[in-house]
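**Q** Please see the structure below; I have some questions.
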Amino acid sequence: MSTEYPLVGSPETSEYPKYECSLCLKRYKRREHLFRHIGSHTSQRPYQCNSCDGAFQRADVLKRHLRTCDGGASRASTRRRACDRCVRQKKACSSHQPCHSCAKKGAQCLYSTDTGYSSRLSQHSSTNHTPKDQELSTQFTNPPPPPSTSTFNTMMPWGLTMEDLQNFGTSPTNTFFDPASMQYTSPTLPDFSVLPFEGPATFETPVSSDPPRKSLHFLDKFTSNTGLVSSFDCGTHEQREQIAARLDQQILSELQQRIMSMPALGMDIPSPLIMENNSDTSSTSDLPLDWFNDPLSLKTHEILLLVEEVVTIKPRNSSVALDWSSTLRDACLQFFSPSNIRRFLGFYWAIWHPNVNFVHRPTFDMLAAKPTLLAAMALIGACVSPDMPDNEDARTWFNCVEEMVFIDDDFNSDLTYQYSGNIAIQRRKIQAVQAAYIVCLYQNWEGADASKSRIRRYRFATLVSTARDIGITAARHLNYSELGRHEFEWKEYEAREELIRLFTWIFLLDSAFVIFNNLPPRMVIKEIRMHMATPEACFQATTADECHHQLHLFLPARTLYWTTSFRGSFESLCKDDLSVNIRHLLATLGPLNLFALTSAIHSQIFQFRSAVGSFQLRAPIQNALSNWRDIWQLFSSTFPQGITPHMTIEDPHIQPEELWKRMGFFRYAPEYWLLAHLMADRLAVLGTSKPENELEPLDEGPLDPILNRYDQTSMRQVNDLIMGFQTFQI
């Protein structure tokens, strides 16, 4: 019999314990209570006393112990004199690491109740004793350190070198793990509970058969708030809490499975201490056992080395203000731990990905991904997490990840693509640009004002230049509808589509700076001679067969798509006699491309506002506005809301596994169209008025008839404009 749980937001939710232990089925109201309880099912004791060798499972027990600790009384009673294997076999143990018996048999030698004893003993003997009250405060306020090593800059786990680490993960055959453990490389979305329907949102959903409604509720909220969650389409806090609960349950279940499977894998994976007998035992004795069976631990170490590099070797005027220390190293390992990477990427896919969808979810592999991209995606996931500590911890690493992304060799290389070449083999370059774009996102919406200005004025300009170096015209598809299934290369399609969407989103961010910060555009429409993005059904297909089928269905061989560029589509949109075929094509391509077209209209309006006496632009802008409205209505009537991939976060029928497929904030494209329409109308009225004087006096009058201040970090003047439109014209 299935158990019915109350929906989030119902009266009984606040009293119902919703977090369940998968081992003993006990329930808890708070997630941290469940985490504390899970520790009772293991032998790990992460809270350690620096004065003696005492180790505890809970911080409050350590706190009570420190009040009475005399600095060594418990050492003799807590130290294990025999390894686990010798204890089980009831044999004498030499107490070495590894002991003589385990070394002779080639078995894994573990001392489960005295993890890291030699490390703590050496630290205790070389460190002066601090006053007890100070030690109590320090040990209790700081969380238990994650696995740390003093030799990360020269030695990797399993005796790997940096060269081995850089080559790891580039091929499915280049792995040290049992195939069964590879199930964690590209996990599916967790089994989220069905999100509750909270009723209509405060704004009307634009995807409907009606004309675009005259309201700017979303843009009003967008320009009056800061932060990714407050600005974009990330669901309610209750919905994100449910996602977090399911992610935690899945990660805990996987962790327990790995721990339980370790005895069976112990004979297959030698102990790192056996493989490296000459290494410092303190560097690996503190590593949790599940890390040695977790392929993502390599990515954690890669990120750690990159962070250490940008912190210790700061360039001039570096934005990184941190100093490298063992505490910072431990904090980095804890934030980018394998379990946190999985959790943060779970938030990225379910909450954030629909808003900026240029990473191909079905083929994304965490092990093969660049560490810079993985770190940037993890930061976005932490920013949209419902847990405040995740949000605060993410800000610590904003500037570090920004620095390591923009100094990355792949990002700064001079590589250019050939249109006829194999773009799929240049995935590292594409991922480097994706990482740079994600950095621009989280810094512009979550960073400090100085970070926002730096991104807008310098980093984004570098990103646009890198896109031009790659070649915007290289972002084109082959005519897949002319290819048979045996000729269709899914990876090649995915790489080209990622590049097209990446350049599209770069243009959209450029347009956002134009609209909301009144910054002159860095990209011009005439240079965007690339294909438009294929429909979402093609990009979201989970198999090569399904993708090939969707391409044939939406984009037949004779359709205009294969011969039309983004520039050509916009030029056609500005004509007064737009053909029916082009209308149907643009409606078929979906909301992302329509959002890009309405953003292009804003770019033209900025040029119109900034030009002197160029009123000939008024007619093309009016044509584009009229044609876009008709195409959006055609799209809304052809692809009704509630059908994949045109579902929204408010849809009551959305399935948990389809959260990443929903439409993001670009479903509010009609509001962008309405803002452009109102601005064009105001410019038309202002254009008919004649100046009072032939020569305008020096330092008098506004710089611009609509927005007076250029390159403004705050969106206040745009919000004032929107409020004025809603008050006087709607």
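Just so it is clear, glycine is given a Cβ too, placed from its N, Cα and C backbone atoms.
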**Q** Could you check which of 19-41, 180-202, 410-432, 479-501 is flagged in Swiss-Prot as zinc finger?
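**A** The range carrying the zinc finger annotation in Swiss-Prot is 19-41.
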**Q** Which of these ranges is annotated DNA-binding region in Swiss-Prot: 83-109, 623-649, 677-703?
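**A** DNA-binding region, as annotated by Swiss-Prot, spans 83-109.
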**Q** Of the residues in the zinc finger (47-69), how many are helix, strand and coil by DSSP?
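**A** So the zinc finger (47-69) is made up of 10 helix, 4 strand, 9 coil.
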**Q** Using DSSP, break the DNA-binding region (83-109) down into helix, strand and coil residues and give each count.
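**A** Once the DSSP states are binned, the DNA-binding region (83-109) shows 12 helix, 0 strand, 15 coil.
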